[in-house]
Amino acid sequence: VKSGSDITMDIFGGTPRVLGYPRPVVAKCGTDATLRCQIDGDPHPDVIWERKNVQIFSEGRYKISEEGKAHMLVITRVTQQDAGQYICKARNSIGETYAAATLKVEGEQSVKENGECEGHLNEEVHLTSDDKPQFLIKPLSLRVDRGEDATFSCKIWGTPLPQVTWEKDGKKLNDIFESSHFSTSIQDGGWFQLKIYRTRMPDKGVYTCKAINCYGEALAGAILLIEPTPEQEAKIMSPNGLANRQWSPKHRGGRLRLPIVTEEPPVNVSKVKKFGVTEGKHAKFRCFVTGKPKPEIIWKKDGIPLDPGRRHLIFEDREGYYTLKVLYCKVQDTGLYVCAASNTLGNTLSAVHLSVKGPAVQFRRPLKDIEVKEWDVAVLECDVPDESVPAAWYLEDQRLMPSSKYGMEQKGTRRRLTIQDVGIDDDGVYLCEMPDGAKSIAELSVKGEIVRKLPRKLEVLEGENAAFCVEVEHDDIDVHWFKDGLELHETHHTILKSFGKTHILVFVNVAHQDSGVVTFVAGRSKTSSRLKVKATRHCPPICPVGVEMDVDRPNSILLTWIPAPNSQTSTRSIFVLERQQVGSQEWQKCFTSETATSAEVTGDSVPCEGDYRFRVCCINKYGRSGHVEFPKAVHLVPGPKICHRLQDCEVMEGEDACFSIELSATMVGTWFLNSTQLQHSGRYSIEQTQTRHSLIIHETCRTEDTAEVTFIANGVRDSAVLKVQQSPVMIVEPKDDILASERLELSCEISQSDAPVCWYRDGLKVEEGPNLILEVDGAQRRLVIPMTTEDNTGGYVCDTEDDSVTFLVTITEPPVTLNRSKSTPAKLEIFTDKPIVLETEVSRPNAEVKWWLNSREMVESRNITIRKDGLIRRLTIHSPTPADSGKYTCDAIDDKIDFQPPVTILRKSEIKTNPKCLISDDLVLECELSRASAVTSWYKDGYRVDGNERFCKEEEGTFRSLVILSAELGDSGEYFLDAGDDNISFQVTVEEPPVTIVGNSPDPEYQEMVAGDDLILACDVSRASAPVQWYCNDRLLTNDCRTNIESYGTLRKIIISNVQPSDSGKYVCDAVGDKMISVVRIQGTKPGYRYPESLKKKKNDKKGFVTGYEAESVTLTSFVSKESALVRWLKDWTPVEGERFRTLMEGRKRTLIIEPLRRSDAGEYTCDVNTDQIHFSLLPLRETVAHADGMVTLHCEVCKPKADVQWLKNGVEVVPSRRFSIRADGVERSLTIHRLTREDAGEYVCESRDDKTVAMLRVELPRVVEFLTELHNTTVLEGEDATFKCVVSPEDVHLVWLMDSEVITLGDRFQATQNGLCHTLVINKCQMLDCSKITAEAEGKISKASLKVQEAQVMFTKKMEAVIAEEFGDATLETEISLETGEVQWMRQGVVIQPGPRHTLAQDGCKRSLTIHSLTLSDRGTYRCETLHDRAQVKLNVEPRKISIRKGLTDQETFERETTSFEVELSHTDVEGIWQKGGIRMKPNNQWRMSTNGRIHSLTLSNLTLEDTGTIVFSAEGLRTTARLTVKETPVSILRPLADAHVEEGLPATLECEFSRHNIEVRWLKNGTELKPGKNCRVYSMGRKRFCQILQCSLADSGTYTCDTREISTSCSLEVYVQDLEDLYIQEDQNAVFMCEVSRDDVTGEWYKDGHKIRPTSTIKIRTEGTKHFLLVCNVKAEDAGEVRFVARDIESTAYLEVEELPVSIVKPLRDRTALEKHRVILECTVSSPHYSATWYKGREELVSSERVEILADGCSHKLVIQQVAVEDEGTYSIEVGEHTSQAKLMVESKWDGELRTCFTLFLFSSLQKYQA
């Protein structure tokens, strides 16, 4: 039995599921807490822990572990900060799940000295949790077959439980689905489910789940795809079938079709609408279809279904219209277009004929559609009529310009476009356009990895879903989605889904910031689309309707209204009620509300008596609706009443008491205190401000306690109570702790100066004394201690009767400071024969200090003396030793001083200061210091050495070293180590290594030659720059006509041509450090002797080793010096023979071919010409396989016995050890590996200086297969199950089951399973034929057992009960037997019953049944069922049938021309019934249709008339039921009114409405004038629908259109627009760009701002691109804000530019000024913006303009002008602009001072002239 949660989870298959949800954990602060969660899933899920959306890793205080299905998170030493919610997330390849765990930490934490947490229990503990809804498991995207059910499930967290709503493509399900088509449910554990029954093709789309509670909301989405069934696909090609060519991921083309629903009605071509368009333009057809279930749509052209493609867009727009858009129409697009709609209840269609007109001037040769592969080059060509005609190229609506991507050529009349590196985004429609507008159109198809690309752009409104779909060629390719260059990952608002080759991206509930470029990447291919999220078009609110007035109220009125039915609910709106007094023109606001739809207006709310009118409107942020005025005027009289009553007042003695009251009208009132009238006086302040009255009683006293305060005015009376409490004595200040060192003074201020106080210390009352003084100074109370000691520390309390204050006094001594004694040297030098004396001076005589040596405290001993001498602290070490070296510290807690000896380099004389090394060697310079903490620096030739890749500075204790890696010649020089107090210098010399001859042997090499040959000697030296000299018999050889000495890199070679016997001798190559000796003997030629042949290898065969592979061929090649020379080939010095060996001679080339190659062919091959030989070594690669724990040897051969080789494993050198043995035996080299392990497997290389060979070693474990438990013989009864088990090792063994030596085919009866080492075979329901030998074979090992099946008796296990059936019905007799394979016989009256038309024999497992059809009374009797071992019988009774009426007729009432149905349900089928109307039997005809479906008898009457009213009677076999049919005349009603239309200029507009009757006459009106059909206007009807179509809209067509039946009418507004301007809101100094698009490109436009024409300037640019007009305003200022209008002929568009001003700043501040008395002075300041006002101050007083003071503002300049300045004007002046202030000082001098200064200046000037003279 499964629980509810388990059943819910089963829908996810192997998705992770929570077996046990974690419980809240409570832990004490400082202890460990363990959070546990049990999770299961298949495959095993990955589990992570998170907190606050941050993943927790197993480190620090967190430890994550797993035990089976339990996952734990352990937090050690928890603190209060660890409390909260932790999320356990589990994910596998199928799905994911979440579980929340709560940790509660009890106790408050404090920190001990060791840093641990100590907890104190706290009574209140709050659990922190996020109550906002969040999706723990979001709904998964689905793909189902049509007709199947689709279920979305999600798990949501939230407190309280959120309310969940489901939507499809932004629409509520109730609006688009019938209620029986879907259901929503909620289950335990926060599971929410949406189920869609019997899915249909329109059900596909994006489904969103929105969860809302009081704390917020959350949103998640999923995709539903519907696949057609095979039967539907088979009907696709039916000519009359309906097809829905919408995209489906199972079809490469991305389309699927629907089956035939009903036969499509015929189309009368002569009556269809006509529509014409010019070639290259777009054609758009819209069809509005309604119905439930939602209809399925198919568009056809000339009877052929249309597929969505590059030029055909098929979609449903936001208004619910099904739309077909034909882009860039061609002449071939002319034809009949049909929109066919169907659902389960019927079908309909709409047709239009499209005519595409070609241009007046035709292309000589138009463009042709082409198809290219991705990354290829595409070429489009066409011919224009004349060579001089230019052409422009377009990719759809984007004009192409010449670039590296696009090449444009013009040759004669030929126009060519070449597209390089064609990508998926180049797929599309290309146009070549001539200046007269003629276009040639072609489609470019790009075949690549991406089969279906993204659209070039996608525009959606805010709040809608943006969906992208891509199809690729292969389903195993790696794909990625990007937005603005950032890779996308799936979230609740971003859905990423892949269905095979189809990949889908959906942005749910898009916002404006989601706009950007979306890119899909698959391998090297990519496709992009620009997503543009438009703000929803907002309109002002609609005025309320249904205003009503209720005037039956005394001196008041109730006004009610109804909000507009189609008003926006997403935008906050406010209802505003206004009143107007009759005779006045002013309306005043009297009531506002967001939700209320009624308001009561009383007489108290009006200012005076009179008649008042009222009106109401609606306001939101987008504007105001029209006003709706209430029909009547109402007489209202204001009356007094209390709006805010008096409140009791409670004050302290001496405080002021305030009382206030507010009335509804202005009137005079009187105040009373305990029935005594109060007058305005010094103690009582009485004020009235309009309707508000106030009373203030100053300085209340205790006698006024509980006094009653009363206010009376014109019949209005109210009272309150005054309560006066005695004021307590309070301490005003201070309340701080005191920290003192010498004098202590505690002071506090009390609220009453004469109140007594007491002082306490540590709970005891203090007494005055010489060292404790208590002072009283007015309200001040002081406690003074002149000389403090540590005994004065404690808690002091100043206590009054009602209050007290506590001082915590701590007496501390001043900190101790240390100073170095003058007698102590600055540097400490220690000698073994002199004592050490260290002295410091402390600041306090009683200061305690400690002495430390190298962090070890020093104590007195015989050798160590520590003394105090006043302020001197002295440490003496009488007989120091080297162990006494180090850092000495004198520590006084508050201060310390260090003494340490100078740093010295130890054993300097022993250091080698002149090191030498060779190039590439490592060099180490090292020394030891006397102190490990010493800081050192290295220098080379006076420059500091910094650590890098070659110079490493190392410090280890007291050792300092500099390591020079791979020394170079430039590293030679002087290296200097500076240790502060000491230093050392190193003189480093780097030398080149001695030159050696590579591969040289100490033994001379001997050669024999014949006179006339060339002698060639060569060797390799170790260094390319090494010089060598050649000697022959100790004679130096130089270059001459016969001798040529060469040098190439490290190669040194000498060639002596045409050698003679005299050239014989010892040849030496002298490389200074090494020598190579060769002994050459040259023989003379005899008469008639032929020069011997010599051999040369191929140029590319330098190594002499050839590698070949088994079963392939190998070729050995050499060259001889003479073409006629004969050679012989030898293998291991044995002549080569056999069919596989072929020798060839071609000129001087000699070749040996071995084919096919065998492993035995490996060895050394020789090409011999008697006088010369060439050797080849053939070593094919051999892969070696060995077993673990064994031994293996790898062999190879080299050409020279002394050749050195190196063994490597996976690129790492193999070093000889106990397990690795390396041997050399002649030319054979071997590597032996002992005790092999799996790690020894890999690639092994034997490498010499010139060659290498490679082999792979594979190590396998020896496989041992054995039966741990054998099979056992089994005996079972017939029909039982037989089970065989065996245990086989190892676990991955391949085991085969056999029966009598034949392999068992597994199926329903034979089932084999494996659980680890245990293998099981189950034979279900054994039969007698199953007796056999059962064998289990496991890789050669077998185990056998026998199976015996014993025959079982077939017995009846269920007694049959008597069966009662009705005549003409069916009866089934059923029983059960003990064996499924048992046979039975059915008999009646001793006759065996055989199967036939009336008798059906059936068996189901152990059940056996007999069914008798069409019973008759003769079938009654006893029936018997028999087996070989048992029998059973049953009695069958057949009764005559009794017919009754289960559901009779009911009265029907309908309208004429409608259809109605009557139904009768009988108790039996196959009963004939008769229908009568008005006593006359009814017969089927076109109007009456009668049918029978089982027990249901139906009568359908169609096209009813008033004469059809009457009585309907149904009778059958004596039964009768009647009903009354009433037919009424149908009133005309509007089923669907006209809808407002918003159409772009030049496009068609169709206005449609639907009435309840089809035979009514209507007339169309525009702005009240009857509209007549014409060339541009068509009026027609289809059934009950009436249409008015304007084929090409212009601005003059805008207006109000009405469809009138003379009984009822419906109206709408048609607005024709061009692309309007959009409002802009930007900051100052930014650029503003306005764009307006008109319908034609030959129209000029003008721009206006605030009614004035805009002309181009340096900051204003105007340009036109085709139909688009641009206005650019650079560096906008605040004055640029206003209305911008674009006018083109008789149309215009308006937008508003709003400029946000930048914050103001002061550019030029005020400056100090000095002025003469009675003169004018000007203070000036400049700010950054002229739009801010400024305020002038003198000191803190604000200045205003007067006769003497003038304040001026001119743009950004602000001036303060003071006329006739006086001495009292002197002071500080400031100006305040915004948040900024500038100040300046004004100095005023008297007139006498000014004249004195002028005289003094003249005196100085004359004195200076005399001095210069």
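All positions are counted from 1 along the displayed chain.
Each Cβ is built from the backbone N, Cα and C atoms, and glycine gets one as well.
A mean pLDDT of 85 is what the model gives for the domain 'Ig-like' (16-104). Among the features that TrEMBL reports, domain 'Ig-like' is placed at 16-104 (among others).
Here TrEMBL flags 133-213 (among others) as domain 'Ig-like'. Per DSSP, the secondary structure of the domain 'Ig-like' (133-213) breaks down as 10 helix, 45 strand, 26 coil.
The feature domain 'Ig-like' is assigned by TrEMBL to 265-355 (among others).
Positions annotated as domain 'Ig-like' by TrEMBL: 359-445 (among others).
Taken from TrEMBL, the feature domain 'Ig-like' applies to 728-812 (among others).
What TrEMBL records for 814-904 (among others) is domain 'Ig-like'.
For 993-1071 (among others), the entry in TrEMBL reads domain 'Ig-like'.
The domain 'Ig-like' annotation in TrEMBL covers 1092-1177 (among others).
Residues or ranges marked as domain 'Ig-like' in TrEMBL: 1192-1262 (among others). Remark: secondary structure over the domain 'Ig-like' (1192-1262) totals 3 helix, 39 strand, 29 coil, with classes taken from DSSP.
What TrEMBL records for 1265-1444 (among others) is domain 'Ig-like'.
Annotated domain 'Ig-like' per TrEMBL: 1531-1615 (among others), in sequence order.
What TrEMBL lists as domain 'Ig-like' is 1703-1787 (among others). Mapped onto DSSP helix, strand and coil, the domain 'Ig-like' (1703-1787) counts 3 helix, 48 strand, 34 coil.
With Cβ pairs under 8 Å as the measure, the domain 'Ig-like' (265-355) is packed most heavily against 1531-1615, out of 728-812, 814-904, 1531-1615, 1703-1787. With respect to Cβ pairs under 8 Å, the domain 'Ig-like' (133-213) is most closely packed against 16-104, considering the stretches 16-104, 728-812, 1192-1262, 1265-1444. Secondary structure of the domain 'Ig-like' (1531-1615) per DSSP (helix as H, G, I; strand as E, B; remaining residues coil): 3 helix, 45 strand, 37 coil.
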